[in-house]
2 protein chains.
Amino acid sequence: MPQFLDTTAADFETTFAALLGAKREDSPDVDAIVADIIADVRTRGDQAVIELTAKFDRLELAPETLAFSAEEIAAAVAQVAPADRAALELAAERIRAYHVRQMPPNQLWTDPDGATLGWRWGAVSAAGLYVPGGLASYPSSVLMNAIPAKVAGVERLAIVVPAPDGVINPLVLLAAQIAGVDEIYRIGGAQAIAALAYGTETIRPVDKITGPGNAFVAAAKRRVFGKVGIDMIAGPSEILVIADKDNNPDWIALDLMSQAEHDASAQAMLITDDAEFGRKVAAAVDKRLETLERREIAGASWRDFGAVITVRDLDEAAALSNRIAPEHLELCVAEPEALAELCHHAGAIFMGQFTPEAIGDYVGGPNHVLPTARSARFSSGLSVLDFLKRTTLSKMTPEALNAIGPTAERLAQSESLEAHGLSVRARLDQLNR
Amino acid sequence: MPQFLDTTAADFETTFAALLGAKREDSPDVDAIVADIIADVRTRGDQAVIELTAKFDRLELAPETLAFSAEEIAAAVAQVAPADRAALELAAERIRAYHVRQMPPNQLWTDPDGATLGWRWGAVSAAGLYVPGGLASYPSSVLMNAIPAKVAGVERLAIVVPAPDGVINPLVLLAAQIAGVDEIYRIGGAQAIAALAYGTETIRPVDKITGPGNAFVAAAKRRVFGKVGIDMIAGPSEILVIADKDNNPDWIALDLMSQAEHDASAQAMLITDDAEFGRKVAAAVDKRLETLERREIAGASWRDFGAVITVRDLDEAAALSNRIAPEHLELCVAEPEALAELCHHAGAIFMGQFTPEAIGDYVGGPNHVLPTARSARFSSGLSVLDFLKRTTLSKMTPEALNAIGPTAERLAQSESLEAHGLSVRARLDQLNR
């Protein structure tokens, strides 16, 4: 049973605060282990990566087999059913079309003082993408990470994906091929992150690392942050559905379960202004949980972290949503656009009853790598901006320097930075001799 | 003496690689201390902050004196000389004018399948800005951090600034007032970062923390990353000047010293295609170092980390610049725009001999909070984007769902995520009954 909350209840604030604060993930203290792994890879390079892969993934590699060869990739993708290939290609096309629009413009202008100012965007030269192996090895995530990088103009895009016991999902390799990935290494864990960040004899270092991973991967990303850029530290997935009574309870139940089936730590919540509708959805969930393939995972998530919250009206729903700052927000109400205006903190908003969140996971176009654990308060989903950086540009004419230089000199003096001031003054003196 | 390098020398690669890899900062292992401080502030709130401030800053506070009162701020800013106020106001105006142009547009469009897609930008609700105390307490940095936040639309902007022995720079308070800062707390160190991230009885938590600080502040920012957003982990300042012989050696020497005077760990480098000009600049530096107020700091930086590199031509200069990825890049050459096109990794570029870097520190308009330690390879200077986050938007019509839903269903099946597929299928079945 999920929790049932009602904003009119006396203990609502306490219960809701506990729900918000619930710790959904064990965070084993892997930091010391990860520090050792990174140090080992920095010192011993390929050899460390090879030994750690034998240990953790039961896979014996040599420097020349760290990467998949073109022949191996071709052989694997040849196994993929045409319908799966077509689906990945359509998804890739739609994701590309969306992300192309994110390319930000350069700007350059001259202000009234004669100063030319602006900025210029450029791509990171090399990026690395972590793809989990095993249960959570999703080809859609390869597309979602790799396509923005290639749209941004990243020249060299490398994937690391563990292949425990040598097993790899051919769809992951196909998705990488469709997205234009340049190198694919069959390694994972903290050792893969260390190899991407610091390089080995075989693997050249990258400038930016993105992609989800387990606690070891997350700890390693946090540690190499600064040496390279990283995207975010992702947590378990979440959905919040705000639905009025004019919805099919089974559709909403399936939307909730489509998050819950990801992970027993995932969280699915419903906010509704009709308590009766909330009960119908909960009943529909129970019915679906009788037959769903992943009912153990989805059931545990729903039981431990699920919630049905009844509110007085949709304004109250928006206010609660802003406190939750959900990764995915579905608005199944008569006027979703109006409600979206009130929802300030969400990774992605899905509007109306014909936009199940699963559309966004695959083919909508927007990225499915989104901020979790309330971080939509301050961060955004993955985009081309994650693979770009901005250089600011300035050029002063003598007139511009005459106009604003004395102010710079004054401020430098007030900060006791004499050379700053003199670097301006020397030029002004020459100009005004 | 700085290092003199020449790309035609046999040992150039070795020497240049050593220069690139030089560790310029002691990184004391403060992480354990910082972890304890954060835990203490989370547990004991105000009381912990007060005790730590008494210990580290020799300042006795109470919950009601953690923040500067309006009267205290008014009394402090009344001491500021009118010329200093005018300088800060002009700088603020120019910084604001530049950053207003960074506001990214929202987008919303309908694609041929009938899917409405787009995104919307919104400001973080509350941001905290760390301002160092003592030697590095720069009012210009207050403007550079606070103005982008306010331009982005941050409603609540709080500053923390340590006041060792109760001493505070009135210009810092004035800069905060000019920039529209809402709250100013006289606390610093890891305890201030913890208070901003987790909140205390008196200080409400924020969503994003920016601003430079010492090793304790940097370690604390790294630790609270995820709970809140952070900007970057800043290192000591750097400048690279690329100059041909048609420059005044003294101007270039002053530009180099304007970075070197920040910090003995700062780095100032010159690349020139004329060895004789390089020697003239080095001589001009030596002469300036006889009299500069901060000659001990600037001299140590120049001696330990300074470099003069002679190259065959400007193409080679650009290639080296891309390996250095400097925070500040000055192009004092005949055609700076053409050279800038070749320089792909730099925080800020200053073009031509009348654009000393100090202009950018104060009044140019672009931000002076820039990526250090080669991180311009993957990150950008502070901007309004640091205080905004993007929500993606999707809305399917029945037609759009019919067009792309089956592809989503197929991909869900290939990833063994049954509920994802069913959430689409249930709707398609209803639509096509």
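Glycine residues also receive a Cβ, built from the backbone N, Cα and C atoms like all the rest.
Per TrEMBL, the features are:
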type: ACT_SITE; residues: A:GLU327; note: active site, proton acceptor
type: ACT_SITE; residues: A:HIS328; note: active site, proton acceptor
type: BINDING; residues: A:TYR130, A:GLN191, A:ASN214; note: NAD(+) binding site
type: BINDING; residues: A:SER237, A:GLN259, A:HIS262, A:HIS328, A:ASP361, A:GLU415, A:HIS420; note: substrate binding site
type: BINDING; residues: A:GLN259, A:HIS262, A:ASP361, A:HIS420; note: Zn(2+) binding site
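Listed recorded positions A:TYR130, A:GLN191, A:ASN214, A:SER237, A:GLU327, A:HIS328 compared with chain B at a CB cut-off under 8 A give none as close ones. Fewest other C-beta atoms within 10 Å: among the binding-site residues A:GLN191, A:ASN214, A:SER237, A:GLN259, that description fits A:ASN214. Cα of A:GLU415 (substrate binding site) to Cα of A:HIS328 (active site, proton acceptor): a span of 47 Å.
Across the recorded positions listed here (A:HIS262, A:HIS328, A:HIS420), the residue whose Cβ sits among the most other Cβ atoms within 10 Å is A:HIS420.
The recorded positions listed here (A:TYR130, A:GLN191, A:ASN214, A:GLU327, A:HIS328) include A:GLU327, A:HIS328 as those with a Cα within 10 A of the Cα of A:SER237 (substrate binding site). Summarising the environment of A:GLU327 (active site, proton acceptor), the number of other Cβ atoms within 10 Å of its Cβ, over all protein chains shown, is 29.
A simple way to gauge crowding: the CB of A:ASP361 (substrate binding site) has 28 other CB atoms within 10 angstroms, across all the protein chains here. Note: the Cα of A:GLN259 (substrate binding site) and the Cα of A:GLU327 (active site, proton acceptor) are spaced 11 Å from each other. Note: A:TYR130 (NAD(+) binding site) has non-local neighbours A:ILE159, A:VAL160, A:VAL161, A:GLY188, A:ALA192, A:ILE193, A:LEU196, A:ILE209, A:THR210, A:GLY211, A:PRO212, A:GLY213, A:VAL217, A:LYS221, i.e. same-chain residues 6+ apart with C-beta under 8 A of its own C-beta. Residues A:TYR130, A:GLN191, A:ASN214, recorded as binding NAD(+), reach a greatest CA to CA spacing of 13 Å.
The CA atom of A:HIS262 (substrate binding site) is located 14 Å away from the CA atom of A:ASN214 (NAD(+) binding site). Proximity note: of the listed recorded positions (A:GLN191, A:ASN214, A:GLU327, A:HIS328), none has a CA within 10 Å of the CA of A:HIS420 (substrate binding site).
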